[in-house]
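*Asks:* Here it is: the structure, laid out below.
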Amino acid sequence: MPWIVGVSGASGTPYAAAVLRALLAAGESVDLVVSRASRLTLLDETGISFRDAHWRHDLREWLARGADGKPDTFDADVSGVRHWSAGDLAAGPSSGSYPTKGMLIVPASTACVAGVALGLSKDLLQRAASVTLKERRRLVVAVRETPLDGRTLRHLVTLDDAGASVVPASPAFYAGATHIQDLVDFVAGRVLDAAGVGHGLYRRWRGDLGGARPTG
């Protein structure tokens, strides 16, 4: 069964790329939903246009770049990815009878959070998230906005009460980050932790003052 990965319009497309790379590296299959707003963000942050007609090519180009926009070493094999148009409300993930392991929304904008919390289902991303909740599957929401007002905080509490895991895109610094990608990978790793997916994206805290930094 696949994981659904939804990409909303918040800044933070490198987080989505890191999660996708890790899922594929772990041998997971992915159903990808890229919202209209996120395509504008992706273009602004990476210069990549994500087009439905050429999504495999565009996804390979996206995943082959690091957070700094430079070429990465990732072998962008996207054979494990199935793309669904965000406007296709008849797509598989719109139904509870379509089997999935759960859904990761990364990054999640406040508009996306509100839509899911209120059950609006304005597009496939929101509909798939609502289905994930009603089917009691794992939903991880990586909210990437600051500051957060009372309305958004209440929406996040609603999602938590409904069974979602809310993972703010807030990197930690104890892992000895030296590059932007290290910070991105930490957040992506925490998203995957919440989903129960194994990975090696960051060094974990060991319970001493040395933290997760390498020794020797």
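Including glycine, each Cβ sits where the backbone N, Cα and C put it.
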*Asks:* GLY9, ALA10, SER11, ARG144 bind FMN according to Swiss-Prot; which of SER35, SER121, SER170 goes with them?
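*Replies:* Of the residues offered, the record points to SER35.
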*Asks:* Got a sec? Which of these binding-site residues, ARG144, ARG190, has the most Cβ atoms within 10 Å?
*Replies:* ARG144
*Asks:* When you measure from the Cβ of SER11 (FMN binding site), how many other Cβ atoms are you left with inside 10 Å?
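*Replies:* Its Cβ shell of radius 10 Å holds 15 other Cβ atoms.
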*Asks:* Which of the three DSSP-derived classes (helix, strand, coil) applies to SER35 (FMN binding site)?
*Replies:* coil
